[in-house]
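Participant: Structure incoming, see below.
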Amino acid sequence: VSLQMMKHAWDNYKRYAWGLNELKPISKQGHSSNLFGNIQGATIVDALDTLFIMEMKEEFKEAKEWVEKNLDFNVNAEISVFEVNIRFVGGLLSAYYLSGEEVFRKKAVELGEKLLPAFNTPTGIPWALLNIKSGIGRNWPWASGGSSILAEFGTLHLEFVHLSHLSGNPVFAEKVMNIRKVLNRLDKPEGLYPNYLNPSSGQWGQHHVSIGGLGDSFYEYLLKAWLMSDKTDEDGKKMYYDAVQAIETHLIRKSSGGLTYIAEWKGGLLEHKMGHLTCFAGGMFALGADGAPSDKTGHHIELGAEIARTCHESYDRTRMKLGPEAFRFDGGVEAIATRQNEKYYILRPEVIETYMYMWRLTHDPKYREWGWEAVEALEKHCRVDGGYSGIRDVYNNHESHDDVQQSFFLSETLKYLYLLFSEEDLLPFEHWVFNTEAHPLPILHKDDGIKEEKQK
C-alpha cells in the first residue's frame, strides 16, 4: 500500500511540479518553501532513496537524470543550513550508498563545501541561515538574542562525518566535533540543554528546553553518532544517556489518566504540552535501549512504548484519526490540541517512525495495527486527486486541506510505513542508521579505511 501511495505522490509531483521543490496537490502546481532558497528539486532529492528501496527503478532513473542535469547549488539566496543538510545532503548521501552512483557522491560533497562558511563564527557554532553564493550567515531574527538553535546545529553530525569519509577531507568532521567540544565545556542547567546558544559569545540564550521542535534531533544525533561509529564514539554515547537521565528527571511526566508525556521546560517551569515532533522520541528511547546502563534496557523500551501509546492516543482522540501538531495535558484535557493553531497535520512522520522502531525492536503486533490506522486515515483525508495534502483541523468533520505535499512525506512518512510492513532484512539496524529525514547512512566500521577509489 505504501508503494501505491508513493506512486500517487510521485506521479503527481512529476506531472504538476517537476523540478520544483514541492507540490501543491489541489492547485496542481509547484510550491517553494523559502527554507531552500533558490535551490530546486527538494522532493526529488528527498525521495531518491525511497524510490530505490521500493524498487521504483524507472522513477529512480528519471530522478537521477534530473540531479545530473539540473541540481544546481550556485544560487544567490539564503538557505536553512539545517533543512538543506538533512534533506539535500542526507538524500544525496543515501542515494550514493544505496545505488553506488558517483553523481550523488559528487553532488553531496559539493553541497557540503558550500555549507562550510556557515561555521565562520567566533565559536564555530554555525549560523542558521546562509547565503550560499556570498557565504554570509545570520540567525533567525526571532531566536533568543541572536542565538543558533540546538536542533539545527546539533543535526549536522551524521552527514558531516560521512562527507569526510567520502571526500577524504577531514574538515567536515572537524566542524561537527568542535560543536560537541563547545557543548561539553558549557554548564547545563539541571543537566538539560537549552534550545538557544549564541554563536558569538558561546553562551546559552533563554533557558528553554524541548524534545520537540528546536531541540528534538540534537538528542537523536547523539545516540545515532554513537551507533554510526560502530559504538566507538564514547563521547556521543555518554552525552546521550546523561541527557536522557535529565529528561526523565525534569521533563517526563504521567497524566492523571496514566499517559506518559514529555513536557517543555521554560526556565524551570513546565509547560504540559507535547508536539507531534516530540513523538519521534519513543523510537529513539527504544533504539537506545540496548546500549543503556545494564539494568536500564527494559526501562528504555518501556519508555518508548509509553510514548508510542500517548502519541497513538493523540491520533485516536481526533475526528480524522491523524494527530495534531501539538497536544496538551492540563485543565482536564489529555493528549488533545486546545489551540486552533495546533490542530493541523502536515503529513508528518514522527508517530509512524516510532511505530516502526517499536515494531522492529519488540515485534508487538499493535504497532502494525496502529500504522494501518494511520494509512487508512491518510487515504481517507489526505489523499486528493493531485497527490497528498496536509489538513488544517484534525478535529473537524470536513477536510480543510493546506494544499502542500511536503517533501518529507515521500522521504519519511511513506518510507517508515513501508519499513513497518517489510521484512527486517530491509535496511537492518545493524548496518544502517537513519538521519532525521529518514535517509539511511551506513554504520562506519572500525576497519573501513576511506576507500581510495572514492577519493577520486
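Indices start at 1 and increase along the chain as displayed.
For all residues, glycine too, the Cβ spot is worked out from N, Cα and C.
Look at TrEMBL and you will find Glu83, Glu325 tagged as active site, proton donor. According to TrEMBL, the feature active site maps to Asp216, Glu350. As annotated by TrEMBL, disulfide bond applies to Cys279-Cys311. Residues or ranges marked as Ca(2+) binding site by TrEMBL: Thr436.
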Participant: Rounded to a whole number, how many Å is the Cα of Thr436 (Ca(2+) binding site) away from the Cα of Asp216 (active site)?
Facilitator: 10
Participant: Hey, how far is Glu350 (active site) from Cys311 (disulfide bond), Cα to Cα, in Å?
Facilitator: 9
Participant: What same-chain residues, at least 6 away in sequence, bring their CB to under 8 Å of the CB of Glu325 (active site, proton donor)?
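Facilitator: The list for Glu325 (active site, proton donor) reads Gly275, His276, Ala337, Glu342, Lys343, Tyr344, Tyr345, Ile346, Arg348, given in order along the sequence.
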Participant: Would you count the other C-beta atoms found within 10 angstroms of the C-beta of Cys279 (disulfide bond) for me?
Facilitator: 30
Participant: Distance check, please: Cα of Glu83 (active site, proton donor) against Cα of Cys279 (disulfide bond), rounded to an integer number of angstrom.
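Facilitator: Answer for this pair: 19 Å between alpha carbons.
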Participant: Would you mind reading off the Cα separation of Cys311 (disulfide bond) from Asp216 (active site), to the nearest angstrom?
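Facilitator: With distance taken Cα to Cα, Asp216 (active site) is 15 Å from Cys311 (disulfide bond).
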Participant: Tally every other Cβ atom lying within 10 Å of the Cβ atom of Asp216 (active site).
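Facilitator: If we count other Cβ atoms within 10 Å of Asp216 (active site), we arrive at 25.
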Participant: Just the number: how many Å between the Cα atoms of Cys279 (disulfide bond) and Asp216 (active site)?
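Facilitator: Approximately 9 Å lies between the Cα of Cys279 (disulfide bond) and that of Asp216 (active site).
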Participant: Count the other Cβ atoms sitting within 10 Å of the Cβ of the residue listed as 'Ca(2+) binding site', across every protein chain shown.
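Facilitator: So the number of other Cβ atoms within 10 Å of the residue listed as 'Ca(2+) binding site' is 25.
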